Every structure is written in structure tokens, then in C-alpha cells.
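Chemist: Below you'll find the structure I mean.
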Amino acid sequence: MPAIVIVGAQWGDEGKGKATDLLGGLVDYVVKPNGGNNAGHTVVVGGEKYELKLLPAGILSPNATPIIGNGCVVNLEALFEEIEGLQARGADTSKLRISANAHLVAPYHQVLDKVTERFLGKRAIGTTGRGIGPAYMDKVARLGIRVQDVFDESILRQKVEGSLKQKNELLVKVYNRRAVDIDETVEYFTAFAERLRPMVIDATYVLNEALDRGEVVLMEGGQATFLDVDHGTYPFVTSSNPTAGGASVGSGIGPTRISRAVGIIKAYTTRVGAGPFPTELFDEMGIYLQKTGGEFGVNTGRPRRCGWYDALLARHASRVNGFTDYFVTKLDVLTGIEQIPVCVAYDVDGVRFDEMPMTQTDFHHAKPIFEYFPGWTEDITGSRTMEDLPENARNYILALEGMSGTRISAIGVGPDRDQTIVRHELIPTSSQTEAR
Ligand code: GDP
Ligand code: IMO
Ligand code: MG
């Protein structure tokens, strides 16, 4: 004991990579429970910037063993490319392990992702185009190829045949594309087998054994609560469960072993891709947040849509995930704004909503009702305690805490690992764990 889960509380890019890196030095394992190379987690250590996509950011923590969990979908080409990129920068990737049950992203999943988006036209999701949705579709349809299949060519061939039978009909007859060749696909996967073999483990067994020994496991969620296929702004979501419950399924760590669920949340809000976003800014203030916050996607380079903090989203995320703590990031980006709006309720066609509406239609019609908080002009990037913060910044945090349903235990005041205010330790000591 214990396991701790890090979850994005908005629409992604909240700073989960930074939070993982901050805690990485205190844990024995970092497991990625969901998603694939659709993620983009940035870690800045001593001015050096790393951008992780498929790999957990925990790979940069020298004492932690990074694991890609069963709930992930793995693009093998992207995996080795990322490993090589890190090795070229002197990082040690030798401890990386991958669950035998994780699913694989095939080249045809990427093709299907792109043609599906094109066919959706105006209703397109704005996916990352990495084949994530089609790979999860195959998993649920029981047509997926798993990491372990790469080591048994006859099984692999059967599975590829099974998976391609229907897809080739679809590709040729509906999407007007070339059929995918079975032999080529089998060869594509087996070409990685020898490099992959030493990394593959029964991750659930390894992680639970570690917990039994009293070691600490950090689960680094990808994506975010409102991109969750069950709890997010469906259908404008990803195809996995990035919420805390999903982390349990995606790593094989039972819910009773998770003692902390830490929500990572920006001091404002961003979103990449399509879908509703009540506090979105369409004026020069949106551009200001985008520029000041460096809000351009790590993965696809797309500019992120920007808006104000939404307390209804924060409360909903607290509930869905059972958060024990919030880590508010990017407070420094708000420095210099005279009055900071925070969304405290929605106006839906003339009716006030104090909590997230039940239906998609109402959420699409939601207009933010703001409360305004006085800003500050002092540089806060050197603040390391609450007392170091200007009074108005402190009050802003306390106001968010009051309306977000969970205590705020850490505050980011810059991208670097050290640019953090810790109010409550996020890794519980054993006595705290027992008390829970
Ligand atoms: P993730 O996907 O949740 O890991 O987040 P991303 O890495 O995609 O985006 C978060 C961005 O904000 C990255 O560029 C981080 O380096 C940066 N960042 C994280 N925390 C802070 C903070 O407290 N202040 C500032 N200015 N930048 C931060
Ligand atoms: P991290 O882990 C932000 C978004 C895409 C799109 C939708 C579906 O860095 O926070 P997908 O390719 O997953 O089928 O796309 O989800 N999306 C993300 N947005 N951060 C991410 O990851 C995201 N991963 C997926 O933009 O709207
Ligand atoms: Mg990101």
C-alpha cells in the first residue's frame, strides 16, 4: 500500500505530466492505465523539456519502474520511436515494462480513425488521428490484437484475419480505400517481437505484489474526466475511461487499494478538438490565455481552446472520481489579469443550473454565470508557500477550493518541477493510509 491515481479533471493537458514527475521521486512504480499516443505529457526538469506521448511521464523518475498497463492501446512504432528519442537524450528506459494484456494499435486503426472523421463531416470529434478509437472499438468487439499475441505467430495470424475480414469490406466498399494485406500486417507486428519480449510482464501481478510489499504505485491517467467515454461530454470524448475507476480497471489494481485520487486542474480551462465548452473565450482574452499559457497541443500542435475556470466541472469531476486532493496548475498564467471570472452556475435557456445538467442538449446550451475575483500583478513564479502568494492569488485559490468540492493540496506556479506550492503532501505516510 498505497496506490495513488492522478486524473485530469477537465478536458486534458492540465499538467498531469508535471504532477507525475513531482511525485515520481517518491514512488516505486508509475503505471499508465489508459490511452495511448494520443496523450502529450510535458515534464520540465531544470529547464530541460520532455514531451511524453505513449510512455508514462514516470519514465523520467530514475527510481520508479514505468509500466504501460492493460488498459492502454500501444502503437509499437510510436513506442520504439519514443524510447529511442529518450535514449538519445541520455534517459534510462531500461526499466520500462508493458502489460501482456494491453492492446495494439495497428496501421489500419489509424486509417479508420482518419476516414471515420472525414465521414462524420461537421460532426467530427477532432481526434488526434492516432487510431485510438478504432483500437478500443476492436477491443470491445473482441477483435483486438494484444501485446502477447505478437509472440505466437499462428494465433496472431488468426486474429489479424478475424479483425480484417469485416474491416476490408468496410474499407473497400464504404470508404473506397485499398484492402489491408494480412501477411503485411502479421509481419508488421512480428518485426517488433524480439525487442518487445523482454519488456512484457503480467503487470497486474507485479503491481499487486509491489503493493503487498508496501511499495508505492502511482497511476498516471491520460486524457481527462470530461473526455471519459462514460462520464465525459459524449460523443466528444476519447474511447477509454480516464477517470479514477478506469485507472483501477486499466492496471488491475483493485479500488480498495487506491488511497488517494488527485485531480489535476488548471486555474482556467482548455480543450482541444470539438465539443461543448461553456466558458470558452472567443475574444482577445482567449488569445491572451493561449499565448501566455503556451496552449498549443503537445501531440498534434493544434491551438487549445481557452476559457475561464468552471466550478461546476470541478465539482462534477470531484464526484465522479472521488478526489481526495486537487492540484491546481498554471496559477502564474493568470498574473496581470485585473478581474478573474470563475463560472459558478449555468444559464440554460433562462433556467439557472448550479450543477452539471443531466443532458447533452442542456450542456450545449449552457451559458456561464460568472463571479469575479480581483487579480494580482506580482510575479508568483518564485512562490513556494501560500504565504509567498499575493493576497488576491491566495484568495483566488481559497475561493476555488470552496467551490470545487475537494481540498487544494498543491498549486503550480510555473512549468518546472520546483515551481510548486505543496499545502498537503500528496503521497500519504503509512499512518495516514491506515487512518483512511
Ligand atoms: P498533461 O497532458 O496533463 O500532462 O499536460 P500537458 O503537458 O499537455 O500541458 C500542460 C502544459 O503546462 C505543459 O506545457 C506544462 O509544462 C505546463 N505546466 C504545467 N504546470 C504548469 C504551471 O503551474 N505553470 C505553467 N506556466 N505551466 C505549467
Ligand atoms: P492528455 O493526456 C487533450 C481529445 C482529442 C479529441 C478527443 C478524441 O495530454 O491530457 P482521440 O484521439 O483520443 O480519439 O481523440 O480527445 N484528446 C485529448 N485532448 N489532451 C489529451 O491527452 C487528449 N487525448 C485525446 O483532441 O477531442
Ligand atoms: Mg497533454
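Each residue, glycine too, has its Cβ placed from N, Cα and C.
I grabbed these lines from TrEMBL:
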ACT_SITE  Asp13  active site, proton acceptor
ACT_SITE  His41  active site, proton donor
ACT_SITE  Lys139  active site
BINDING   12-18, 40-42, Arg304, 330-332, 412-414  GTP binding site
BINDING   Asp13, Glu14, Gly15, Lys16, Asn38, Ala39, Gly40, His41, Thr128, Arg142, Gln223, Thr238, Arg302  IMP binding site
BINDING   Asp13, Gly40  Mg(2+) binding site
BINDING   Val298, Asn299, Thr300, Gly301, Arg302, Pro303, Arg304  substrate binding site
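Just tell me what is around each of these and how deep it sits.
Modeler: Look at Asp13 (active site, proton acceptor): DSSP puts it in coil. Asp13 (active site, proton acceptor) has a Cβ environment of 28 other Cβ atoms inside 10 Å.
Non-local neighbourhood of His41 (active site, proton donor): Lys16, Gly17, Thr20, Glu51, Leu52, Lys53, Pro56, Ala57, Glu220, Gly222, Val298, each in the same chain, at least six residues away, with C-beta under 8 Å from its C-beta.
A C-beta separation below 8 Å, combined with a sequence spacing of at least six in one chain, links Lys139 (active site) to Val73, His103.
Residues near Gly40 (IMP binding site) in space but far in sequence (CB under 8 A, at least 6 apart, same chain), listed by position: Asp13, Glu51, Leu52, Lys53, Gly297, Val298, Asn299. Taken residue by residue with DSSP, Gly40 (IMP binding site) is part of neither helix nor strand, so it is coil.
Within the same chain, residues at least 6 positions away in sequence whose Cβ sits under 8 Å from that of Thr128 (IMP binding site) are Asn37, Asn38, Gly273, Asn299, Thr300. Thr128 (IMP binding site) falls outside any helix or strand according to DSSP and counts as coil.
DSSP assigns Arg304 (substrate binding site) to coil in the three-state reduction, outside any helix or strand. Cβ neighbour count for Arg304 (substrate binding site) (all protein chains, 10 Å cutoff from its Cβ): 20.
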Chemist: With a 10 Å radius around each C-beta, find which of these binding-site residues (Gly15, Gly301) has the fewest other C-beta atoms nearby.
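Modeler: Result for the binding-site residues Gly15, Gly301: minimum number of other Cβ atoms within 10 Å at Gly301.
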Chemist: Given the binding-site residues Gly12, Gly301, Leu331, return the subset with CB under 6 A from an atom of ligand 2, ordered by sequence, or none if empty.
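Modeler: Once distances to ligand 2 are taken from each Cβ, Gly12 fall under 6 Å.
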Chemist: Near Asn38 (IMP binding site), how many other Cβ atoms are within 10 Å of its Cβ?
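Modeler: Result for Asn38 (IMP binding site): 27 neighbouring Cβ atoms inside 10 Å.
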Chemist: So which other residues, same chain and not among Val298, Asn299, Thr300, Gly301, Arg302, Pro303, Arg304, have a Cβ within 8 Å of the centroid of the Cβ atoms at the substrate site?
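Modeler: For the substrate site the neighbour list reads Gly40, Val272, Phe296, Gly297.
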Chemist: By the count of other Cβ atoms within 10 Å, pick out the sparsest of the binding-site residues Val298, Leu331, Val413.
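Modeler: Fewest other Cβ atoms within 10 Å, among the binding-site residues Val298, Leu331, Val413, is found for Val298.
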